[in-house]
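> Next up is a structure, given as structure tokens.
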Ligand code: NAD
């Protein structure tokens, strides 16, 4: 079937009202959970073929995430979907006011390749929990994971409700010409702009989950051991191909040498190697070439080796970096970690303020004033104090960008709200109607209204 026909069938199906029933939503959430569990090995094999990602990393950063999402919605669906009573102002007495969470209808989810299961299925789960029909277009770059999702979902879900559409740029361009009720896109800022423009043609609301250069600041007041250990883990997880990975470090000058040594120690301790369980390959030769061109050999503190055949790049730390270096001009999205030193904390914050608003920001310190300044002064999608990456694992926190790192957010109740229209309904009693607002107007009526309002 052509994708246009599938979308039309989803529009028709949505109009039947079936997806609005909580029992229907729960039935399919449970079905998806069971399919993910029973096909876990297919998912592991596919992602391993795509970029050598291990079972351990795939379970902790992908499968467990989506299973938790499903559990969250199964547990909380009733309270999330319940109309919310709010107070009614004086002029609307005698009346009752409620906010109804209503599904938008037909959703398009466009996924990225770096966490292909989580970034495709997490929004799909929120969309169906909120009562929508959905077409998912995963990233073609992680081809095997795309095929595994389309096979498992398309064989088990009615296409008029949930459908996985395989394809790359051409297919996405075609999809974007069609009218959806909401588009949820994860990917680069460049493609985000293309999606936003296409959506504007139909006045379709969008969520754009984009990237950017996410800084981590380490001051002399930090627990340096913990900071180094957590940063090495968060940066080299998925070989740095993580949207919220610390992109670059700003390290207070007085502790720089000591801190660089600690980073080196943990990289060695974690045993990241070309064939190791704990390391991932670069997704393709295009990205591999882009990344090795960012390595300034004169500035390597640690690492710098690579193997093109295996698409392996060693965890690499670069020092003596400043804002003019090539590596500071674009999001790195790979296992290269530039380190910039600073003398004054406020100058470091001001330097971040001069850049585009990042998707994430991190601060390592035990100083209260530094923590307050970080939270108050900087604008970023989300972040952590004394950790990296982990904020997105708390589904009580919204996950999304700000400015050029994105529009909108999801996870937990925020995901449900993202895929729901907040419909306001005021219900009035049919008695006790004062004549004051009705024509003909008079000075006396106006003076009463002035007292009221
Ligand atoms: P991408 O923008 O190249 O691709 C994302 C999706 O857009 C894919 O499904 C792809 O098929 C489609 N696409 C690509 N070019 C297109 C075009 N010209 N027209 C229409 N569709 C097109 O991104 P990517 O390489 O998959 O992911 C890397 C980027 O995504 C990084 O910038 C990263 O920071 C960001 N990212 C953000 C998040 C987040 O949650 N905020 C998560 C992961 C990745």
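Heads up, the Cβ atoms here are built off N, Cα and C, so glycines get one too.
Annotations per TrEMBL:
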| type | residues | note |
| --- | --- | --- |
| ACT_SITE | 209 | active site |
| ACT_SITE | 243 | active site |
| DOMAIN | 2-425 | domain 'Aldehyde dehydrogenase' |
> Among the active-site residues 209, 243, which residue has its Cβ surrounded by the fewest other Cβ atoms within 10 Å?
209
> Between residue 209 (active site) and residue 243 (active site), what C-alpha distance do you get in Å?
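Each residue's Cα considered, residue 209 (active site) and residue 243 (active site) end up 9 Å apart.
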> Across the domain 'Aldehyde dehydrogenase' (2-425), what is the average pLDDT of the model, as a whole number?
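For the domain 'Aldehyde dehydrogenase' (2-425), the model's average pLDDT rounds to 97.
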> Give the helix, strand or coil assignment DSSP yields for residue 243 (active site).
coil
> Through the lens of DSSP with three states only, how would you label residue 209 (active site)?
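The residue in question, residue 209 (active site), is strand (DSSP, three-state).
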